Amino acid sequence: MKEKQFWNRILEFAQERLTRSMYDFYAIQAELIKVEENVATIFLPRSEMEMVWEKQLKDIIVVAGFEIYDAEITPHYIFTKPQDTTSSQVEEATNLTLYDYSPKLVSIPYSDTGLKEKYTFDNFIQGDGNVWAVSAALAVSEDLALTYNPLFIYGGPGLGKTHLLNAIGNEILKNIPNARVKYIPAESFINDFLDHLRLGEMEKFKKTYRSLDLLLIDDIQSLSGKKVATQEEFFNTFNALHDKQKQIVLTSDRSPKHLEGLEERLVTRFSWGLTQTITPPDFETRIAILQSKTEHLGYNFQSDTLEYLAGQFDSNVRDLEGAINDITLIARVKKIKDITIDIAAEAIRARKQDVSQMLVIPIDKIQTEVGNFYGVSIKEMKGSRRLQNIVLARQVAMYLSRELTDNSLPKIGKEFGGKDHTTVIHAHAKIKSLIDQDDNLRLEIESIKKKIK
């Protein structure tokens, strides 16, 4: 009886916190197996769901635990049901029959799909900046055209948009081998259209694209400013697929409403489904990416070296990958296996060709720029006064110190008048949450970051 009350309370809290689509995907699909010795065993059908439960829902498990059991309940996640999986297997099989995967058409050879095999969900590093985009991509790969159509993912270069597109396609083909899937950059789609138009083979072009189950278009902003005929053809392709309930996933470097040079009717259609953004990885995610990229290279990247590298590049993953390539080249030439900070610094200096460009940001510089922006002195920031403008400036400065430097939590706390590390954690979480809700604050922080760098 208590277990049922406990789980219902968790679902109530989750419904308040998550969007409807995320609630359906993360909460409804989860299942409480048992509560024993203050541990709640929770079944999640996908291991990728654990991050959202840990980051977004763990605290509500604690709250529900005190309400129902008068004890702190710790979650333990499992990804295989201990027994009786028959019903779920039947349900999964039923779900797969809900979608028509063009059985009358010949499946596309993998080499013609445009997909890259190396990009999967398993090797995509999740973090706070991409968790919702990953969630949406996973949802699409589970239920084509039944969840979000189109799915529109946008963000700066090198943040994983192409990886996610390929992961969706590869996941679908793993589960439904006869699905007709096509990944193509928008520029290549345009060139393909123009080639078929020039050769008088438009029927062949239409058959290729309008018979797909899943169309994955990368960098759709490339369509901006193109001739009317080109945009018209994509518009018709989009409509043909959408009308047949076939899935479309698009990526861009900007949101639909900021796509200039596109017909309004296209922009409107891009917003029909779900739009998700990917933001640059935070410090912890950058370290996780570096660990993933370096673990099979045959070199010993020391932990302080990884932290150093994570502190040098904060904009995208490609910079991190480039730095790793430069470092391994130096290591190969020098015939060394242990990668120290000195080796990493040498590679970065050569890469940037200017030591002054390196991101070594002192916390007092962050405090100065934040203080100037909000009209708060560093002394006030380090103090304990709780006036609203001082609290905001203090929390923003702590947030940026966490995001832009590789300093430890205790070190950051010390620089703010000896604050406890939990205060820094709270400030970071608070500002991150506000950024997601308040565009004005997000723009303010972006402006401050530009001044800091």
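Using N, Cα and C of the backbone, Cβ positions are placed for all residues, glycine too.
The following features are taken from Swiss-Prot:
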REGION    1-74  region 'Domain I, interacts with DnaA modulators'
REGION    74-113  region 'Domain II'
REGION    114-331  region 'Domain III, AAA+ region'
BINDING   Gly158, Gly160, Lys161, Thr162  ATP binding site
REGION    332-453  region 'Domain IV, binds dsDNA'
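Locations of recorded Swiss-Prot features on the structure.
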residue : record           : Cβ contacts under 8 Å, 6 or more apart
Gly160  : ATP binding site : Phe124, Asn130, Ile278, Val317
Lys161  : ATP binding site : Ile153, Tyr154, Gly155, Asp218, Thr251, Ile278
Thr162  : ATP binding site : Tyr119, Asp218, Thr251
Original post:
Is Gly158 (ATP binding site) helix, strand or coil when read with DSSP?
Top reply: coil
**OP:** Write out how many residues of the region 'Domain IV, binds dsDNA' (332-453) are helix, how many strand and how many coil, based on DSSP.
**Re:** 90 helix, 2 strand, 30 coil
**OP:** Determine which residues of this chain, when Gly158, Gly160, Lys161, Thr162 are set aside, have a Cβ within 8 Å of the centroid of the ATP site's Cβ atoms, and list them as they appear in the sequence.
**Re:** Gly155, Pro157, Leu159, His163, Leu164, Thr251, Ile278, Asn316, Val317
Subject >> Mean predicted confidence [pLDDT] for the region 'Domain II' (74-113) >> reply: 61
